[in-house]
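Report on one structure; see the data block that follows.
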Amino acid sequence: MTLNGWMQIALYGAVVLALVRPLGGYMTRVFNGERTLLSPALAPIERGLYRISGIDARQEQTWLAYAGAMILFNVAGFVLLYALLRLQALLPFNPADQAAVAPDLAFNTATSFVTNTNWQSYGGETTLSYLSQMLGLTHQNFVSAASGMAVAVALIRGFARASTKTLGSFWVDMTRATLYVLLPLSTVLALFYVSQGMPQTLSPYVEATTLEGAKQTIAVGPVASQVAIKMLGTNGGGFFNANAAHPFENPTALSNFLQMLSIFVIGAALTNVFGRMVGDERQGWAILAAMGLLFLAGVTVTYWAEANAHGVLSNLGLTGGNMEGKEVRFGIAASALFAVITTAASCGAVNAMHDSFTALGGLIPLLNMQLGEVIIGGVGAGLYGMLVFVVVAIFVAGLMVGRTPEYLGKKIEAREVKMAMLGILCLPLMMLGFTAIATVVPAGLAGPANAGPHGFSEILYAYTSAAANNGSAFGGLTANTLFYNTTLAIGMLVGRFFVKIPVLAIAGSLAAKKRLPASAGTFPTHGGLFVGLLVGVVLIIGGLTFFPALALGPVVEHFAGAAGQTFATGG
């Protein structure tokens, strides 16, 4: 570990914190329907979209209607994307003559992008046309992110409102998230990435001749526009197979820093939106503090594990840290930081190969996802995921002191706790259930490229990533098979919608309740004690659930490596 590496981490944290309040204030005005700096230009477009769609922006929805609209929209998006992938060979903007995507891969890919997972069992430059990348994937990058933001805002309204049955309008919230937040920021970022050397063209792939006289095909395309929203919307799916490790997808150290920043900025700022809308910004800062503590711990362990030679590397006499699978233009510090950011934020983009990390270095990204993607998390999804843990933490605190649990003046009762636990428990069911199946059936065992505990980790990582809607992978797993495409897609669907629907049910229940005045016995939820309790609940409920599985994978691999034991390649 070096001073330069710690300075990069400190600078990143400082810039994120500096942007929380201004962006949080802006988004609060957007979702409250107030005038913003962009209103003169965008308000007429917003009203025009409502007229075309037949939407009454003043008509609000109950939680059930809100959930129904959300599901209907996502089903329509899935059908259209699946059709586009299956028909891409017949459609324009296909200069590389890409064939139609196979049915199981199209099912997996459509599910992946609709759920904001962006798991990729394919290489983008060898599988998809420009039209599929733009109209299919980039479009879903916008609307899947906006859908998550809308659900988060609905949950915030559940805490902020009292004695009402409505949570706002899904159509209005999603439109405003896209039009006022995602599109403007993505446009600025895309232009910046082009200035750094990122391609943005509809021209065919470039045919080049190498110095040895060999012919080479250089893949290009509308890269910058997709990368901008893939990071900002915590989608993560790469235009190229190597994702952000590819020089065309992440050309410079500055583009790398901006990509890391854009992954966290909206999720962090939404905690401030929460504080503002419930009338106490300290509540948002407390939640952000809990997220920050978990994030800092993860960065520290990952950076230490990758920067220090140990285990097999130490036995080989290597002292420069683990550079395998990392880009020299980024180095160990930026690669470790990126890995923790992308798995904490449900993004899934990578600038280094996680499969090549040390056992402990790979454990932290895995654990980040298993905690439920609540360390900043996906845009919207991170906040509502952490608020689910807040409900459980407040319930536990109430049990300890023998009082009816309250949060922000709302009683936390059986219905809220049941819905919270449903949202929490569906993730380990998918992650561990499918991992168990894959380790005993031939189709599952054919996937990992490594034997021993690392092969198990490759399977566990895949299902963890899918259910957590992250999308990153241990690249040694051959996932483009009928078995993995199908089971991973099921994990993505359950991990997305079996969390969002209980969250909206909690929001509807809370919005209907009366607000109780604070009393001497009210547990303060803006101080260090609450932050510690929340972190403890996340680690106990989210972390201990997976300890046996982690012990069979990265933990065993770490101790085996320390003893100099390696495992042969092969499933």
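Even glycines carry a Cβ here, placed using N, Cα and C.
Listed in Swiss-Prot:
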{"type": "TRANSMEM", "residues": "5-25", "note": "transmembrane segment"}
{"type": "TRANSMEM", "residues": "64-84", "note": "transmembrane segment"}
{"type": "TRANSMEM", "residues": "136-156", "note": "transmembrane segment"}
{"type": "TRANSMEM", "residues": "179-199", "note": "transmembrane segment"}
{"type": "TRANSMEM", "residues": "220-240", "note": "transmembrane segment"}
{"type": "TRANSMEM", "residues": "254-274", "note": "transmembrane segment"}
{"type": "TRANSMEM", "residues": "285-305", "note": "transmembrane segment"}
{"type": "TRANSMEM", "residues": "330-350", "note": "transmembrane segment"}
{"type": "TRANSMEM", "residues": "375-395", "note": "transmembrane segment"}
{"type": "TRANSMEM", "residues": "421-441", "note": "transmembrane segment"}
{"type": "TRANSMEM", "residues": "488-508", "note": "transmembrane segment"}
{"type": "TRANSMEM", "residues": "527-547", "note": "transmembrane segment"}
Positions whose Cβ lies under 8 angstroms from the transmembrane segment (179-199), at least six residues beyond its ends:
26-27, 30, 36, 38, 42, 45-46, 49, 142, 145-146, 149, 220-225, 227-229, 231-233, 248-249, 251-252, 254-255, 258, 262, 266
Could you tell me what the rest of the chain brings near the transmembrane segment (136-156), counting residues at least six beyond its ends with Cβ under 8 Å?
31, 63, 66, 70, 73-74, 77, 81, 84-85, 113-116, 118, 128, 167-168, 170, 173-175, 177-178, 181-183, 186, 222, 225-226, 229-230, 232-235, 237, 266, 270, 273-274, 277-278, 378-381, 383-384, 387, 500, 503-504, 506-507
Interface-richest range of 5-25, 64-84, 285-305, 527-547 toward the transmembrane segment (421-441), CB pairs under 8 Å:
527-547
Let me spell it out: take the transmembrane segment (64-84), skip the flanking residues so only those 6+ beyond its ends count, and list any with a Cβ under 8 Å from a Cβ in it.
91, 106-107, 109-111, 113-115, 131-132, 135-137, 140, 143-144, 147, 150-151, 154, 167-171, 174, 497, 500-501, 504-505, 508
So what's near the transmembrane segment (254-274) in sequence-distant terms, Cβ-Cβ under 8 Å and 6+ beyond its ends?
12, 15-17, 19-21, 23-25, 27-28, 31, 149, 152-153, 156, 159, 181, 185, 189, 192-193, 196, 198, 227-228, 231-234, 244, 281, 283-285, 287-288, 291, 330, 334, 337-338, 341-342, 345, 347, 349, 351, 376-380, 382-383, 387
What else in the chain is close to the transmembrane segment (527-547), if you only count residues 6 or more beyond its ends and a Cβ gap under 8 Å?
286-287, 289-290, 293-294, 367, 370-372, 374, 386, 389-390, 392-393, 396-397, 424, 428, 431-432
